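Reading through the structure tokens given below for one structure.
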Amino acid sequence: MKRVNVFRSGVFSRLFALLLPFLLGINGLVYASAEAPAEAVHAEAAAHAEGGHESAGDVIMHHILDTGVMSFEPFGEVHLPQIVIGGFDISITRHVVMMWIASAILLVVFLLVGNRYKTMTSRQAPGGMANAMEALVEFIRLDVAKSNIGAGYEKHLPYLLTVFAFILLLNLLGLVPYGATATGNINVTLTLAVFTFFITQVASLKAHGIKGYLAHLTAGTHWALWIIMIPIEIIGLFTKPFALTVRLFANMTAGHIVILSLIFISFILKSYIVAMFVSVPFSIFIYLLEIFVAFLQAFIFTMLSALFIGLATAHEGHEGEAAH
């Protein structure tokens, strides 16, 4: 089988062209839905801490929810700027900072790998980061995009690569010290799902035209059943992004709650035995499991996005094939 260099075939240039506006769009939409209740939770937790009555639940919620304060215990904390324009709170939060960091990492990595491929000859083999990136691109290209979308998958490959790398980095940044899991913010996961939703609908319109797109809402049934089928099909359009939103949000939030709960068991019971044989071992196990889940959830979101695009663009004679 002939090996295709996706970086030299133009996929990389389209990926980079999509990356910056995609990331800026994510940040902008999350700005517009900043979580004011999270600030109240942080203020309440701080008030309890001053009085010495901070509960385990307050600490867990403070670590899970988005706030305008980045904690660097025991060195202190950084209060992020609060910005209100025209009555809209677009304050910078720690989840936004995490998305900035992930965006910067992606841009640097893609630039370095792109420059590396520009200086390579056709006989040279990629090494190090370039080799890892090529393996990742080939995996998404063949096992995710091509297998689920089929013909015309190339035009959707840059988006799928971007969303996979972005979600993966956000998941992993939530596992490092002083980090925060932006994918544990339902505003972030909803925004990602909205991107997939609009790309899917636009792809369907291009593949079938307006007439074919509207005909799909009737599911090929007799006109007498349209009053039933059309609402069902419309609901079905929105259940897909809803499933993407909740799946990623719930999985990334649950793991952190479990880890924090296990750690607090030893403090609640005030037992070194519990800490040594329950809290620490199980927390380490869940933490390692979270690393696996970080990769798994990024893959699932990307694969489902490709599957939805494939189902939306498949012609009637190939729908069964796309579904498989």
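Just so it is clear, glycine is given a Cβ too, placed from its N, Cα and C backbone atoms.
The feature signal peptide is assigned by Swiss-Prot to 1-33. Summarising the annotation, Swiss-Prot assigns transmembrane segment to 95-115, 157-177, 179-199, 224-244, 257-277, 291-311.
Highest Cβ pair count under 8 Å relative to the transmembrane segment (157-177), across stretches 95-115, 224-244, 291-311: 291-311. Away from its own ends, the transmembrane segment (291-311) comes close to residues 140, 144-145, 148-150, 153, 156, 159-160, 163-165, 167-168, 171-172, 174-175, 183, 192, 196, 199-200, 203, 240, 243-244, 247-248, 251-252, 255, 319, 322-323 of its chain (Cβ-Cβ under 8 Å, at least six residues beyond either end). Remote same-chain residues near the transmembrane segment (224-244) are listed as 189-190, 192-194, 196-197, 200-201, 216-218, 301, 304-305, 308 (criterion: CB distance under 8 Å, separation of at least six residues from the stretch ends).
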